[in-house]
């Protein structure tokens, strides 16, 4: 990549130019044209029960099929988190009625294009660039869903019109986004083409009753058919009007949570042609730039001769940044960003870096091995009905020495409860985690061979370890 000359023209010349030489981070906003031309600045999760059409809705809006892996295609379910970016446009002709004046396209579409609606004039102009985090709806994949929730700004809750509401995962996901303090939710009543009008009305009442008293109370309910792309522009309009652009911090030291990582080299590649590992994630704050020196924590985890955990942070350099197929010179908080580094690709392959935190050297938070948390348990297990009883099983109190699954940011790790008192608990983590006091964590327990969400906590303090650094 030629990056030396000023105002370097990146790939995709039809998109806005980015120039590191003239970059002033204090002037950037989540709607700056040079930012949203190339990358998404809002993350929207799709949540809901398995087979209610989450991936189909994302495909209808963005044109990207989020089911990428062979075993996912065969079983037609999402297993890993799927991602897709979409640009939302609005026609600048005031005579065009809504919702027809809204349109969504893929992320490489130019920022402006002429109208093709008969009887209208003017151009479709880019108003939002959104990243969809397509979460699995399967109960066994709840951990993946929670990892996705760590980066969401808003959620589309999908409910299939041809099934009764709520289905088990629908309530579990709703509780999860409540924990993550997501306030902006759109409810999509999908598969409306499969039911009679009376049935749709009846289910609408069910949905209203179901969301009463939850974060989704008062959320708009939009009847759609994702398969037939019916009412998709209505969804686009609601995304623009109902989901506020999140306030972002562009000036702090950058920090990115890794939610995917891969080795992009093909087998049999010449040594000289090897590329460094790629980390995919969402920037929480700050701006990453091509050429910047970075640190990844906790890095490489090992044990010393006494069995104590040790962490060696990875130091590297950013060689490329991209959002889907768009090259970037700098990346802002928001949608999913791919960071090409000089890290040994074997450390990144097959999502090995998930749960790590990448950022400016020396500016990342501490690495914890034990956490002291104040926690809150759900009263009943979501989605699990006990045999012969219509009510869900009660959540038992935390007991000493039990092993829970803890979700911190995008990391899922085991944690042994070492002490518990009233609403305080101490948890010894299986894997060290780079996090801060005050962060929220989700707790899951193994019930009938599945991990089920049982509550959440907030980090009060913990035991940190000093990272080891090579003395070269």
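The first residue you see is number 1, and the count goes up from there.
Cβ from N, Cα, C; glycine included.
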Matching range for Swiss-Prot feature annotation, region 'G1', among 40-47, 48-55, 56-63, 64-71: 48-55
Annotated range (Swiss-Prot: region 'G4') out of 186-189, 190-193, 194-197: 190-193
Tertiary contacts of the region 'G4' (190-193) (same chain, 6+ residues out, Cβ under 8 Å): 52-53, 56-57, 158-162, 200, 223-228, 230
Per DSSP, three-state class assigned to residue 225 (GTP binding site): strand
Across the region 'Interacts with CDC123' (457-469), average pLDDT on the 0 to 100 scale: 77
Per-state residue totals over the region 'G4' (190-193) - DSSP helix, strand, coil: 2 helix, 1 strand, 1 coil
Which of 55, 190, 225, 227, all binding-site residues, has a Cβ with the fewest other Cβ atoms inside 10 Å: 227
Residue 55 (GTP binding site): secondary structure state under DSSP, collapsed to three categories: helix
